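Undergrad: One structure, as structure tokens, below. Some questions next.
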Amino acid sequence: MRYMQDSSMPCQDASPPDVGAAPRRATRAVRVQWGGRTVTVGGNASVVVQSMTNTDTADAVATAIQVKELAQAGSEIVRITVNTPEAAREVATIREQLDRMGVEVPLVGDFHYNGHKLLTQFPECAQALSKYRINPGNMGGGKQRDDNFAQMIEVACRHDKPVRIGVNWGSLDHELMARKMDENSRRAQPWEAQAVIRDALVVSAISNARRAEELGLRSDAIVLSCKVSHVQDLIAVYRDLSARCDYPLHLGLTEAGMSSKGIVASTAALAVLLQEGIGDTIRISLTPEPGGDRTREVIVAQEILQTMGLRAFTPMVVACPGCGRTSSTFFQELADSIQSFLRRQMPLWRTRYPGVESMNVAVMGCVVNGPGESRHADIGISLPGTGEVPAAPVFIDGERTVTLKGDHIAEEFQAIVEDYVARRYGAGITH
């Protein structure tokens, strides 16, 4: 009979298991610039959060307003569609409006089919953008494709702009795909069609990057992406891509979907890759619900990075899910109001109280885990559950400091949080 080793017995020479993501893969550093702002993608820089507008770019006012909203939510680079002469004509106006509002977020132009024409015909558009996104799969075929691609790279070189070569499995180069399928048919053991498509995506991205370098684009001005809409395919593609080049990589699950499905799918794919040290910038492609807030994709991207311990953007609220021990939804309402309060305060706190973005706040609903979780947080409150004394102890830096009672617990706790932030993170700051 076999017996399991007693887990309470100490192991000789045992070391604790590793915690944290793998070291980031070494990549070139690509600088995306506008005005006095430089966002570095790759190298030793933190993973960058991106987003994309869904306005008609020809409507300069609406687009500038949405870009500002995305930037204020925390998007460090914003991409806009440039698909028509009318849109291209308004790009410089959008940039001017943003500059007047003090929004220096870099803009990326998203080009498909006619980018070579638009960038050439509207040089003010080419200059106002900080980066171009090129999809080599929809630039025509044969010599026409090569000429169109070369024309866009020539514009990028002339204006000293970096480029993202973004391959998408929905618009993969037909000639490359046919060649790859033909090669596969001659294998002794042919791959499944899905594997051939994944390989073609990687080959397309890398070969076009090499071609761009041959045309004069600096190697530190190239970012790559290979977008697919299935989680396992995305993971496999980026593992392969990261092993075969040192260009910085833009991660994103294309057509992720709406609401929780899109959030779960994007998180499932990106978390695996980020944990393996793969990925230099991310964008969460959520299909917005009618009347939904476009900034949601920015918040989700930030939350993925923060919950993985890769970056800190705003204080995190820990809250229990509730159970039969909780007599009301008050703790849930308090957790939501505190999280909203923290986000509202961050534009001011970010500059006034450095480090506050790493603060942890606990809002718990009963005595089972409430005091313990509150002690682990920087500041926490344990609300009474069913049958418990109607009192809410507050813990600060692991110590019980005060007990709140009555009808104004939410307001009093919010004031305590604000005072704690000022005392802990405002030390030495001159106001």
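Note that Cβ sites are derived from N, Cα and C of the backbone, with glycine treated the same way.
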Undergrad: Kindly point out the range from 1-24, 169-192, 289-312, 385-408 that Swiss-Prot annotates with region 'Disordered'.
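TA: Checking Swiss-Prot against the ranges 1-24, 169-192, 289-312, 385-408, the region 'Disordered' one is 1-24.
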Undergrad: Enter the number of other CB atoms within 10 angstroms of the CB of C366 ([4Fe-4S] cluster binding site).
TA: 22
Undergrad: Counting across all protein chains shown, how many other Cβ atoms sit within 10 Å of the Cβ of C323 ([4Fe-4S] cluster binding site)?
TA: 11
Undergrad: Per DSSP, to which secondary structure element type does E373 ([4Fe-4S] cluster binding site) belong, with helix, strand and coil as the options?
TA: helix
Undergrad: With every protein chain in view, what's the tally of Cβ atoms within 10 Å of the Cβ of E373 ([4Fe-4S] cluster binding site), excluding that atom itself?
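TA: Taking every protein chain into account, the count is 19.
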